[in-house]
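Here is what TrEMBL says about this protein:
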ACT_SITE  HIS251  active site, proton acceptor
BINDING   ARG53, LYS159  NADP(+) binding site
BINDING   HIS189, LYS193, GLU227, ASP246, LYS341, LYS346  substrate binding site
DOMAIN    17-198  domain 'Glucose-6-phosphate dehydrogenase NAD-binding'
DOMAIN    201-485  domain 'Glucose-6-phosphate dehydrogenase C-terminal'
Amino acid sequence: MMNHENNTEHTKTTMLIFGGTGDLTHRKLIPALYQLEINGFLPEDFKVISIGRRDKSSVEYRSEILESTRKFSSRNFEEESYEEFSKKVSYFKLKFEDAEDYKELKSLLEQSNKGENKENSYLFYLAVSPDYFSEIVHQLENSGIREMDSAWQRLVIEKPFGQDLSSAEKLNASISEVFEEKDIYRIDHYVAKEMIQNTHMLRFQNAIFESIWNRHHINNVQITVLEKEGVGTRGGYYDHTGALRDMVQNHLLQLLAVTAMEPPKSLDADDVRNEKVKVFEKLVPFQPDTLNEQLILGQYSGYKKEDKVSASSQTETLVATKVYIDNERWKGVPFYLLTGKALKNKTAQITIEFKKSSLYGEEKDSEPNILEIKIQPDEGITLHLNVKKPGVVDQMAMVEMDYCQSCLYLFNSPDSYEKLILDALHGDSTLFTRWDELQLTWKYVDAIFSTLGEDRTSYLESYEMESNGPESLDTFIHTGAKKWWYRNREY
């Protein structure tokens, strides 16, 4: 990972956001840029050009993002500092398929660089539908923008990157005609969350954990990412995607890799990502005769009545899967991945259940040691230990050693997009998904769909909204764990 010192005296950096009027830009990107600015992390000579298809002036656009920045900033908002920041932001109207508009954009960039003896750098951020990824990239090439003198040009792409391996390969081949792999930054914002980054430090900088981080001491690992909301206004998109593609293929498998990877040779981007790739290469494929033991698909009641959702939809809104990694460290250890919508709790955490000690016997009713890495809504790490209760009789009690990051830092952790934008500006791709990672995760998820077949009705279980999901989840977890630990933090 790079040192983000701000040595930019002789450079000028321009970030071009395609999809500048969209929800992601208003809720995440502009507030993240504002926080980076007021904390002194952005380059000294830095400009943002928000690009959209709607007709509006830069003044109108700044007025719009004022409200969203005030509402969605992760930390303090001040009118005075926002005024200074907003001077760096302008709006440019552009139709994504219109070659003439890109020529005008090129002229704007050239005009803004006139008379300046500085190296120019460009960060192209595609906060648009994947349908436009290839179009925009090739328009940048055809218009001559890619040929402009610059220290660097980088491309940031939001998920989803394809709907399966085949579509992902086609998209990657198209983009790779214009940008080299080293300049393509595929975002998975979960990997940039504070507690996921903390997982590396917790494990690799504390010998007490790294020495027992293996199949000899760990009984199972649970990775849960749950949402209380349903699909809302995203019914049309979600019904063609589902939880396996929307969450498992990227977020959950990335969290699995972060948890399971071997110590990298260094913290350089490729060394870290090489170890994640090794995990993906060793994922045990699903087999038809064990599918029912390794996979639960659910759909919340009322989903088929959501806007733009098919009345005969077979789309899963919940997935529970038991994943195995066939290597020396993890052979035989189940990784339980659980994600879903319209559930009782909104939570994300990684839970390590260690093997129980038998010295005191089962009659003492001891609990296994549990390590919780809490990602949201609270951030922190909790280790659960067995201790003796005071008294003349040997009785056990479970106690917690708790690091509450949210408490200590008053929920002031930076949003993951702040970290990702800063890393992209500095050329640090550690937290971004490399193409071979994407290939392997799509291959794994495609194999699940292939095993399921076209008709998934028999696998799809209904569950009530604001519940814990299908009742079969309890039986499912008991095949290799005591319970779903996220459900109750009173052990």
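Keep in mind that glycine also has a Cβ here, set from the backbone N, Cα and C atoms.
Ranked by Cα separation from LYS341 (substrate binding site), the recorded positions ARG53, LYS159, HIS251 are led by HIS251. The CA atom of LYS193 (substrate binding site) is located 11 Å away from the CA atom of HIS251 (active site, proton acceptor). Around LYS159 (NADP(+) binding site), the C-beta neighbours below 8 angstroms that are at least 6 residues distant in the chain are ARG186, ILE187, ASP188, ASN250. Shown are the recorded positions HIS251, LYS341; of these, the residue with the fewest other Cβ atoms within 10 Å is HIS251.
The binding-site residues recorded for this entry are ARG53, HIS189, GLU227, LYS346, and the Cα of HIS189 lies nearest to that of HIS251 (active site, proton acceptor).
Between the CA atoms of HIS189 (substrate binding site) and ARG53 (NADP(+) binding site) there is a gap of 26 Å. Straight-line distance linking the Cα atoms of GLU227 (substrate binding site) and ARG53 (NADP(+) binding site), rounded to a whole number, equals 32 Å.
Each residue contributes its Cα atom, and for ARG53 (NADP(+) binding site) and ASP246 (substrate binding site) these two points are 27 Å apart.
Fewest other C-beta atoms within 10 Å: among the binding-site residues GLU227, ASP246, that description fits GLU227. Within the same chain, the residues at least 6 positions away from LYS346 (substrate binding site) whose Cβ sits under 8 Å from its Cβ are LEU226, GLU227, LYS228, GLU229, GLN376, PRO377, listed in sequence order. Cβ neighbour count for HIS189 (substrate binding site): 18 (other Cβ atoms within 10 Å of its Cβ, all protein chains included).
Of the binding-site residues ARG53, LYS193, LYS193 has the largest number of other Cβ atoms within 10 Å of its own Cβ.
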